[in-house]
Amino acid sequence: MTPSDLAFDRHHIWHPYTSMTNPLPCYPVVAAQGTSLQLSDGRQLVDGMSSWWAAIHGYNHPRLNQAMQQQIGQMSHVMFGGITHPSAVALCRKLVEMTPAALECVFLADSGSVAVEVSMKMALQYWQARGEKRQQFLTLRNGYHGDTFAAMSVCDPQNSMHSLYQGYLPSHRFADAPQCRFDDNWLARDADSFEQLISTHKSSLAAVILEPIVQGAGGMRFYHPRYLQRVRELCDQHQVLLIADEIATGFGRTGKLFACEHAGITPDILCVGKALTGGTMTLSATLTTRQVAETISNGAAGCFMHGPTFMGNPLACAVASESLAILAENHWPAQVASIEQQLQSALLPLRDHPHVADARVLGAIGVIETHQPVKMADIQQFFVEQGVWIRPFGRLIYLMPPYVIEPSALKQLTDAIIAAVEQPVLFQAR
Ligand SMILES: *Cc1c(COP(=O)(O)O)cnc(C)c1O
């Protein structure tokens, strides 16, 4: 890419959460292969991010490419209204088979945020069909569910800057974030705030929505499976639907195929996205039970009122189906377990470091929480100079590499983090 391309980008193109007047620098990537990103000057960076949880099998995967090429030869897209096609059926068969038995009706959409919108609309239509006016959601502080309006309304009120949109966002109920960590001893009082809110407001609650076990973009926190079990019990007891947002955690990242399995629970509605297509195309799915689907369908509307233009996009379905076929060969449990072990031995000792507030690892996710927020542009440049692609935010430096990463490449990533926490200039002053 030429300097003029980069200048154009800077002047005309928005990137995620950036300013148009004073954007953070962008690094030009021209190719990606396996676990490596190639910059336009030829440098290769080890990828620690899987392009935000997505590229679990690595980049430029021959089988994923072949699935897409084959589908392009048939048709890249066709409308889903009144039409079906083999790739959608193959994908949905696999999704129904690999998720808990009760989840058997699939809605395909374009992105994670839209899957969340769809899940919330399903819950609203469900209660409307049952003749109950239930229009609020109960969720957890520190959550993240996407950037569209309904999704944003159930994100952590501080992290997602609800104040910016005050008066426009519906207001929902927020339980205290779970404090018991994944492998702590369980303390039943951790769920007190949730229990109090659900029992007080049950008659106005359409659903509980949460990220099972891992709170991702809202803080990279791993909470206790008993918390999730308690949520399921209370939802059953008070007859409130449970929506599990597994958009980040789905497809093996936490060491289980779905994070709900850590607690042995089944949600009423499940959202998946991100890794669904192995990081190649944008696609998401919302699954629900026959009972929820039938109730909605027997309501006043007689149908579920949602239908995006690119619903069931054949190209995305074909590559998702192949990505799930790779997962079904079951190499991922050993890959994720060995990443977990290596992350634990490299990162957990940093807990004693004076600049580090906490270090935690679950599955193929490693998190370093520092005392001071990072200086974004400086630490990004530092990591690139170390030959790695790691994108921290706030006080969180975290890794979620592709499952196929080699131990030596993973060591490059953890070494770079260990080096970074030694450099006070990469962090904001106290
Ligand atoms: C990323 C994410 C979303 C939003 O997905 P997009 O594809 O970015 O719209 C929703 N929920 C969770 C838990 C996520 O991690």
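Keep in mind that glycine also has a Cβ here, set from the backbone N, Cα and C atoms.
If you look up TrEMBL, you'll see Trp52, Tyr144, Lys274, Gly307, Arg391 marked as substrate binding site. Gly307 (substrate binding site) carries neither a helix nor a strand DSSP state and counts as coil.
Per TrEMBL, pyridoxal 5'-phosphate binding site is recorded for Gly112, Ser113, Asp245, Pro308, Thr309. When other Cβ atoms within 10 Å of the Cβ of Ser113 (pyridoxal 5'-phosphate binding site) are tallied across all protein chains shown, the result is 21.
If you look up TrEMBL, you'll see Lys274 marked as N6-(pyridoxal phosphate)lysine. DSSP gives Lys274 (substrate binding site) a helix state. A simple way to gauge crowding: the CB of Lys274 (substrate binding site) has 28 other CB atoms within 10 angstroms, across all the protein chains here.
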Given the binding-site residues Trp52, Tyr144, Lys274, which lie close to Asp245 (pyridoxal 5'-phosphate binding site), meaning Cα to Cα within 10 A?
Tyr144
Which residue, of the binding-site residues Trp52, Tyr144, has its CB surrounded by the fewest other CB atoms within 10 A?
Trp52
When DSSP states are folded down to helix, strand and coil, where does Arg391 (substrate binding site) land?
coil
Chain-internal residues near Gly112 (pyridoxal 5'-phosphate binding site), provided their CB is under 8 angstroms and they sit 6+ positions away:
Gly146, Ile247, Cys271, Gly273, Lys274, Ser284
Show which residues of the chain containing Arg391 (substrate binding site), separated from it by at least 6 in sequence, have their CB under 8 Å from its CB.
Met49, Gln380
